[in-house]
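Structure first, then comments.
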Amino acid sequence: MTRLVEVRTQILKQNDVVARELRKQFAEQRRFVVSMVSSPGSGKTQLLQQTLQLLGERYRVAAVVGDLATENDAARLASSGAMVKQITTGTLCHLEAEMVREAIKPWDDIPLDFLFIENVGNLVCPASYDLGENCRLVLFSVTEGEDKPRKYPTIFNTADATVITKMDLAEAVEFDDPAARASIERVRPGMEVLHVSAKTNEGMPAWIHWLESHLPASIP
Amino acid sequence: MHELSIALNLLEVAQQTMSEHAESELVAIHIRLGPMSGVVREALESAYLIAREESFCPNAALVIEETELMVDCPKCGDHQVAVSLNDLRCRKCGTVSGRIVGGREMEISALEVKDE
């Protein structure tokens with residue numbers, strides 16, 4: 001004979017607890033924390049490198065970057081002059097809240113305006129893990145196809161805004177922006193969409209302005 | 001493929017709960033899984049079989065209840081089933097709704113234990 005013990009516990013309870021603590025900590029520190037997810041090769045690092053450079057002129061910025069192997073991305077980002085930390089996840093396909101907490105510990109007492117978390121290039125696994133961020137951005141490049149959001153609805157649905165990257169290639173690949181927006185609208189109605197090219201600077205001022213408008217100090 | 005991480009977390013939470021409830025033998029873990037949880041059922045089932053081997057409950061089964069994707073339909077004024085994961089319209093009237101009210105579940109609902 002068996003009997004049922006009702007429990008109702010989140011399977012990722014541990015991660016959720018840490019994420020909640022991080023979010024509280026970020027609020028106290030008055031940091032705006034942005035995480036970025038995308039498939040590999042969508043231009044996260046390039047965009048982040050430019051972003052750190054542009055924001056770095058006026059703000060205190062730092063970035064944590066997750067990668068399966070190599071520290072190349074951190075080296076690229078560090079060239080912007082910002083503080084950068086690499087999390088090498090080995091075989092793990094996503095970042096978890098505890099990994100972020102460990103990585104940013106050395107910065108706990110340093111004032112920061114922006115903290116960026118670049119997740120491992122993957123549009124599936126990161127969807128399940130809250131990292132305590134204030135805002136989750138999902139990136140996809142014009143070369144990936146307009147229907148990407150409908151292929152990965154869960155990650156798009158958990159995100160707060162979409163950034164379409166590599167706009168300099170839009171014409172060459174005949175990127176259909178209304179189709180891309182329609183695809184986003186199906187999986188996350190009303191989501192904000194930004195367009196950038198880190199290469200030609202197209203859309204970068206608007207992107208930087210968007211980030212600034214989310215700083216705790218600019219929110220009344 | 002993060003299902004192995006999820007399976008290991010699942011076993012950890014189950015073990016904690018077993019000791020909190022002072023139960024001795026786990027027969028099955030019952031979970032609720034939503035289509036918007038980011039977890040693939042089949043992958044989780046395979047990962048669970050591997051993960052349980054070295055765990056405290058090498059024989060415990062995994063019972064999965066799949067939930068439906070529900071949206072709060074502004075037109076029907078009620079919780080309705082959505083068309084699909086990549087089409088968040090109300091299945092009944094076709095109105096777009098961005099408010100998901102069900103379908104993200106990834107939780108242990110019950111532990112089935114041996115009744116001594």
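Any Cβ shown, glycine's included, is placed from N, Cα and C.
What TrEMBL records for B:H2 is Ni(2+) binding site. The feature Zn(2+) binding site is assigned by TrEMBL to B:C73, B:C76, B:C90, B:C93.
Other Cβ atoms within 10 Å of the Cβ of B:C73 (Zn(2+) binding site), summed over all protein chains shown, number 23. Counting Cβ atoms from all protein chains shown, B:C76 (Zn(2+) binding site) has 15 others lying within 10 Å of its own Cβ. The binding-site residues in question are B:C90, B:C93, and the one with the fewest Cβ neighbours inside 10 Å is B:C93. Cα to Cα, B:C90 (Zn(2+) binding site) and B:H2 (Ni(2+) binding site) are separated by 30 Å.
Checking the binding-site residues B:H2, B:C73, B:C76, B:C93 against chain A with a Cβ-Cβ cut-off of under 8 Å leaves B:H2.
B:C93 (Zn(2+) binding site) sits 36 Å from the residue listed as 'Ni(2+) binding site', counting Cα to Cα. A coil conformation is recorded for B:H2 (Ni(2+) binding site) in the three-state DSSP classification, outside any helix or strand. For the recorded Zn(2+) site, residues B:C73, B:C76, B:C90, B:C93 set the reference point as the centre of their Cβ atoms, and the other residues of that chain within 8 Å of it by Cβ are B:V71, B:P74, B:K75, B:G77, B:D78, B:Q80, B:R91, B:K92, B:G94, B:T95, B:S97. Comparing B:C73 (Zn(2+) binding site) with B:H2 (Ni(2+) binding site), their Cα atoms are 32 Å apart once rounded. Reported as a whole number, the C-alpha separation between the residue listed as 'Ni(2+) binding site' and B:C76 (Zn(2+) binding site) equals 37 Å.
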